[in-house]
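Peer 1: This is the structure, below, for whatever I ask next.
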Amino acid sequence: MTILKQMMRKLKNEKIHMTLIDPAAKSPDESAKIAKEAEMAGTDFIMVGGSTDIDERLMDQTVSAIKENTNLKVILFPGSSNMISRHADAIFFMSLLNSSDREFIVGHQVKASKFLSLLGIEKIPMAYLVFSPGMTVGRVGKANLIDSFDRETALSYSLAAQYMGFKLIYFEAGSGAPRPVSEDTISYVKSKINIPLIVGGGIRDPETAMRIALAGADMIVTGSIAEKSNNVYSVLRNIIGKIKSIEIKNSV
């Protein structure tokens, strides 16, 4: 079964939590330790990547270390065409739709496509939208930031992504953002699309995660909170416990 199908099946019964690990922030061994504690806490998938350009060697080392120490599927979350590892299970083949730079919309994707065709990893088409404040990814990706409360612009991009055939949409406030994308925007967009919505950035406590999930996020991503914590298991267990407690009434 493909990872995308696993996600869709799981979403019929529960929300999904993914832990994002940035190889630029931690050594491969440290990344593996975070992933192991995240697995024990109940995370569903590990994402590896970030907005800082990282070479293939470091990506390989990090993904391999995580695979050796956990039973979780690893999904690449690349910031450029260099951030690919043959050891991963899948890649979010993503387009930063609100970038002002063609490279982040389709350029890096074109550069990586031939190499990816040689690898046995799953490619998951995903639309990536960066909201204010954007943080590093907004700057590096030259994003025309969407205001967190501008639900009409968010909806226009999201519907365009759905009509173009993307399988997932990711709302990003930026790693380390002081707050996540507005719950009103999430709820409004989710009510009008029929593909899964991922939300990340600014989610660092159980209460915030719960609000974002209840607003309509199908998948919650946390990254910085795990990187900075001395007790990854405890921090993530509280967050994951909250979102997993939500009763699913309508399947995606």
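Here the Cβ of each residue, glycine as well, is placed from N, Cα and C on the backbone.
In case it's useful when we look at the structure, here is the feature table from Swiss-Prot:
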type	residues	note
BINDING	ASP22, SER51	Mg(2+) binding site
BINDING	TYR170, PHE171, GLU172, ALA173, GLY174, SER175, GLY176, GLY201, GLY202, GLY223, SER224	sn-glycerol 1-phosphate binding site
Peer 1: Looking only at Cβ atoms, how many others are within 10 Å of the one on GLY202 (sn-glycerol 1-phosphate binding site)?
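Peer 2: There are 23 such Cβ atoms around GLY202 (sn-glycerol 1-phosphate binding site).
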Peer 1: Do any residues at least six apart in sequence from GLY176 (sn-glycerol 1-phosphate binding site), in the same chain, have a Cβ closer than 8 Å to its Cβ, and if so which, in order?
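Peer 2: MET135, THR136, GLY201, GLY202, SER224 - these are the non-local Cβ neighbours of GLY176 (sn-glycerol 1-phosphate binding site), listed in sequence order.
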Peer 1: Sort the binding-site residues TYR170, GLU172, GLY174 by C-alpha distance from ASP22 (Mg(2+) binding site) and give me just the closest.
Peer 2: GLY174
Peer 1: Give me the count of other Cβ atoms within 10 A of the Cβ belonging to GLY174 (sn-glycerol 1-phosphate binding site).
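Peer 2: By my count, 25.
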Peer 1: Checking the spread of the sn-glycerol 1-phosphate site as listed (TYR170, PHE171, GLU172, ALA173, GLY174, SER175, GLY176, GLY201, GLY202, GLY223, SER224): what is the longest Cα-Cα distance, in whole Å?
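Peer 2: Across TYR170, PHE171, GLU172, ALA173, GLY174, SER175, GLY176, GLY201, GLY202, GLY223, SER224, the two farthest Cα atoms sit 17 Å apart.
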Peer 1: Which one of these binding-site residues has the most other Cβ atoms within 10 Å of its own Cβ: ASP22, GLU172?
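Peer 2: Selected residue: GLU172.
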Peer 1: Can you tell me the CA-to-CA distance separating SER51 (Mg(2+) binding site) and GLU172 (sn-glycerol 1-phosphate binding site), as a whole number of Å?
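Peer 2: So the alpha carbons of SER51 (Mg(2+) binding site) and GLU172 (sn-glycerol 1-phosphate binding site) sit roughly 12 Å from each other.
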Peer 1: Near SER51 (Mg(2+) binding site), how many other Cβ atoms are within 10 Å of its Cβ?
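Peer 2: Around SER51 (Mg(2+) binding site), other Cβ atoms within 10 Å: 24.
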